[in-house]
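Residues or ranges marked as domain 'Phosphoribulokinase/uridine kinase' in TrEMBL: 6-191. For 11, 12, 13, 14, 15, 16, 17, 18, the entry in TrEMBL reads ATP binding site.
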Ligand code: C5P
């Protein structure tokens, strides 16, 4: 049996990575797709006082439990199910729950730094970078963090200037160079997403060489 096709989807915060991943999953609903998001692998900060958690640089590669992420990716590749952590952005900690992820014909892995992390990147067969203009990303991020992640305006702005923007320029944006495909205009680019789905189907059926 062929090993699963590992597809990495990177891009800046609020670029539309999750939307691209969701649309690919929906288009491949007839295939077994295992999905892991790098966000679930943020280190658990439950032992740090809540006020201090807000000061952490969540955009640096060290903010992630990369050992567990690689371990889970390799387990899925070898056909084993995993228990993915469930992360709570409001408290910046892991919840007691985990979510079972079954192995699949395709493994989709999505996150800001999945192309930056060499051990993760080396496991991929297809590397995607989702691009979107910075002004649109910050507007989306502001709305999302205030509505869904328990933040206020001042915090989003200061976090963006202190951590998000410099780490984006230092780690995320440069990782674009590892991409096989760059999808402009984020998750709304139906043509690019359609082409990607077609290429993945080709690879899955063996019609297109995996190398
Ligand atoms: O979903 P998205 O790719 O935007 O998630 C990554 C972002 O989540 C990072 O830019 C990081 O600043 C943010 N984050 C946060 N608080 C946490 C963990 C991550 O604001 N506790």
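Including glycine, each Cβ sits where the backbone N, Cα and C put it.
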### Query
If you count Cβ atoms within 10 Å of each one, which of the binding-site residues 11, 12, 16 comes out on top?
11
### Summary
binding-site residues 13, 14, 15, 16: those with Cβ under 6 Å from an atom of ligand 1 are 13, 14
### Task
Compute the centroid of the Cβ atoms of 11, 12, 13, 14, 15, 16, 17, 18, then list the same-chain residues not in that set whose Cβ lies within 8 Å of it, in sequence order, for the ATP site.
112, 130, 132, 137, 186
### Query
What residues, ordered by sequence, lie under 8 A Cβ-to-Cβ from residue 14 (ATP binding site) and sit at least six positions away in the same chain?
132, 136, 137, 138, 140, 141, 144
### Query
Looking only at DSSP and grouping its letters into three states, which state does residue 14 (ATP binding site) belong to?
coil
### Summary
One residue among the binding-site residues 13, 17 has the fewest other C-beta atoms within 10 A of its C-beta, namely 13
### Query
Out of these binding-site residues, 15, 18, which one has the fewest other C-beta atoms within 10 Å of its own C-beta?
18
